[in-house]
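Annotated features in TrEMBL:
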| type | residues | note |
| --- | --- | --- |
| SIGNAL | 1-21 | signal peptide |
| REGION | 27-59 | region 'Disordered' |
| COMPBIAS | 35-55 | compositional bias 'Polar residues' |
| DOMAIN | 76-207 | domain 'Superoxide dismutase copper/zinc binding' |
Amino acid sequence: MKRWFLLGLLLTLFVFLAACGDDSPDEAPIESDGATETTNDDSTANQDTTESAPTNDGEIVMVTVELMNGDGNAIGTAELTDEEDGVAVKLQAENLEEGMHGIHFHEEGMCETPDFKSAGDHFNPESSMHGMDNPDGPHAGDLPNIEVDSDGTVSQEFKAENVTLKLGEAHSLLKEGGTALVIHAGEDDQKTDPSGESGDRIACGVITVE
């Protein structure tokens, strides 16, 4: 009698374990969920790439040039604004010698004190002669003289018609490596090559995109 009882108990336990095995989750849906998650990750990566791409057209409208003297001290600024017919220049400076001074855009975006020779020659992509009064000129970087008041200050506006701030153009002041704005000790005669006998370079500011 005891033997039949034990046999029945074992049979009941076997049936119970078999029923538990049937309730275990199927593996196929898990594989399907994994594939869906991978697709979602790829979509997120594409969205991140799109968001990090530049959204502007690369055009520069205005650049502020910080001017310094041969001692490396700040003496003013020049605000350059790109317009249809050139670049408008608004100059504000102080601590300069009274009188007329030549001012030009130079070909290198460097202003190493004290002589600023690192700025190179005048900005001259067309290889012209110097001076607005020169029949074979001017350089693209030639500008009208500025006049410093008796208190050593200058506030002057003028138009540079032969340059632009548009990136990639031949006459762009924002060429690779930049350019420089340089003030000279003397007046530019606007005809004598290479710099109108305007003397030493007394102030300089780098023109570049930060």
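Just so you know, glycine gets a Cβ as well, placed from its N, Cα and C.
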Inset, instruction - Would you mind splitting the domain 'Superoxide dismutase copper/zinc binding' (76-207) into helix, strand and coil residue counts from DSSP? - result: 3 helix, 50 strand, 79 coil
Legend entry - Integer average pLDDT (0 to 100) for the domain 'Superoxide dismutase copper/zinc binding' (76-207): 97
